[in-house]
Amino acid sequence: MAEPSVESSSPGGSATSDDHEFDPSADMLVHDFDDERTLEEEEMMEGETNFSSEIEDLAREGDMPIHELLSLYGYGSTVRLPEEDEEEEEEEEEGEDDEDADNDDNSGCSGENKEENIKDSSGQEDETQSSNDDPSQSVASQDAQEIIRPRRCKYFDTNSEVEEESEEDEDYIPSEDWKKEIMVGSMFQAEIPVGICRYKENEKVYENDDQLLWDPEYLPEDKVIIFLKDASRRTGDEKGVEAIPEGSHIKDNEQALYELVKCNFDTEEALRRLRFNVKAAREELSVWTEEECRNFEQGLKAYGKDFHLIQANKVRTRSVGECVAFYYMWKKSERYDFFAQQTRFGKKKYNLHPGVTDYMDRLLDESESAASSRAPSPPPTASNSSNSQSEKEDGTVSTTNQNGVSSNGPGEILNKEEVKVEGLHINGPTGGNKKPLHADMDTNGYETDNLTTDPKLAHMTARNENDFDEKSERPAKRRRVNSNGKESPGSSEFFQEAVSHGKFEELENTDD
């Protein structure tokens, strides 16, 4: 949309020039007055805008020549016309054919800069003259020159920067640190010391020739499956373990396949030989004796899963392959479960491999070992019981437990609500001179006369009696059975009888 002419002033122009800051008065601030008249005035001014003048300006500008229109908006003679630009571009293209691309870019850019500088100087002179007449036109012309003038030079500069970047991209070689190089070849082979290698360079590892055990490409798979089904079919003469059915799955009978290879893949001849030598075909793993099983388990304890050391030191009657096969059969049996419970064979992976972070198994092992190594508490000695008896005989006013540890002061005395009185429990042997429990003694075995003489404990006994009167209506607790199987009186009943008997004695004394 074309801008309105500078000469014609719009009706809203005067409103913008008269704008000022809104300064509320004291009455507005006191009464919290919100003046919304400014918004209403702006809406009214926007509604009163006359669009007919803008349409007339646009129609008049459409009939103007381009030179007058440019001078009207302040561009003057500095703006280049499209026709002149096309002519200069054609001349530049003809000159570029004779010279190199790099020189043409530099010279073209510098030449254009010179021409633009000349035109800028001439334009500035015209602007100074026109600025005296109309300052608004000069400001508009300067803004337009800043926008339009450097476009062509920036275009060529960006092209040169793109070319430089493309040259740098061609020379740039990215690092290949992210690639994983396969370490295959003579440079990656380990250097074995002289004393470790058992064989010489031209010496064979073993003297026997290789023997073909099975060729899967000679017979199709469906015929091989039919042959294995016929080989595993029972004749009805089997006894013992061999009479147990093996299921409907097809067993990979290596002995039968090897017989088929020896018969030159003749299925009938291979089946005839298998039926003739049934024991050799069915007993893939011979039975291990009890001594061999024990030696194998001892080898697992000593050497772990190093079957070479187990065969060399423990089970010399078997080969390494037989030891490996027996290990997988033995691991599925009940014998392995008993072995794992006794030795924790499958739970100490972190000892063999420190990198394993199985902390749960380690925590269980440590907790079990701590529980097993925990010693029982030592039994009480006779000195503890003798100390308690001597303290009772002396009649000292102190709260002493049955182990002989005393705590002085009324703050250490427990309340009757917290202590469950279940009779006298003394650890250790008791003497024959023990005083019987009667009405003049407290439930802990102390005489009430001695307790009342101490002023620190007098208020404690009175408070306990008041508490007992308030809570005497509670139901009695269940009786407890001691170690001899006899029923001992409950704490509440025992305590109730003792206190009630003591109150009865006090009433008799007051009557006297």
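Counting begins at 1 with the first residue displayed.
Cβ atoms here come from the backbone N, Cα and C positions, even for glycine.
Pulled from Swiss-Prot, these are the features on record:
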{"type": "COMPBIAS", "residues": "17-36", "note": "compositional bias 'Basic and acidic residues'"}
{"type": "COMPBIAS", "residues": "129-144", "note": "compositional bias 'Polar residues'"}
{"type": "COMPBIAS", "residues": "396-409", "note": "compositional bias 'Polar residues'"}
{"type": "COMPBIAS", "residues": "414-423", "note": "compositional bias 'Basic and acidic residues'"}
{"type": "COMPBIAS", "residues": "462-475", "note": "compositional bias 'Basic and acidic residues'"}
{"type": "COMPBIAS", "residues": "482-494", "note": "compositional bias 'Polar residues'"}
{"type": "DOMAIN", "residues": "180-278", "note": "domain 'ELM2'"}
{"type": "DOMAIN", "residues": "283-335", "note": "domain 'SANT'"}
{"type": "MOD_RES", "residues": "S10", "note": "phosphoserine"}
{"type": "MOD_RES", "residues": "S141", "note": "phosphoserine"}
{"type": "MOD_RES", "residues": "Y155", "note": "phosphotyrosine"}
{"type": "MOD_RES", "residues": "S160", "note": "phosphoserine"}
{"type": "MOD_RES", "residues": "S166", "note": "phosphoserine"}
{"type": "MOD_RES", "residues": "S367", "note": "phosphoserine"}
{"type": "MOD_RES", "residues": "S369", "note": "phosphoserine"}
{"type": "MOD_RES", "residues": "S377", "note": "phosphoserine"}
{"type": "MOD_RES", "residues": "T448", "note": "phosphothreonine"}
{"type": "MOD_RES", "residues": "S483", "note": "phosphoserine"}
{"type": "MOD_RES", "residues": "S488", "note": "phosphoserine"}
{"type": "MOD_RES", "residues": "S491", "note": "phosphoserine"}
{"type": "REGION", "residues": "1-63", "note": "region 'Disordered'"}
{"type": "REGION", "residues": "75-173", "note": "region 'Disordered'"}
{"type": "REGION", "residues": "180-284", "note": "region 'Interaction with HDAC1'"}
{"type": "REGION", "residues": "366-512", "note": "region 'Disordered'"}
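DSSP classifies S369 (phosphoserine) as helix under the three-state reduction.
Secondary structure by DSSP for the domain 'ELM2' (180-278): 38 helix, 0 strand, 61 coil. Each residue of the domain 'SANT' (283-335) gets a DSSP state, and the totals for helix, strand and coil are 34 helix, 0 strand, 19 coil.
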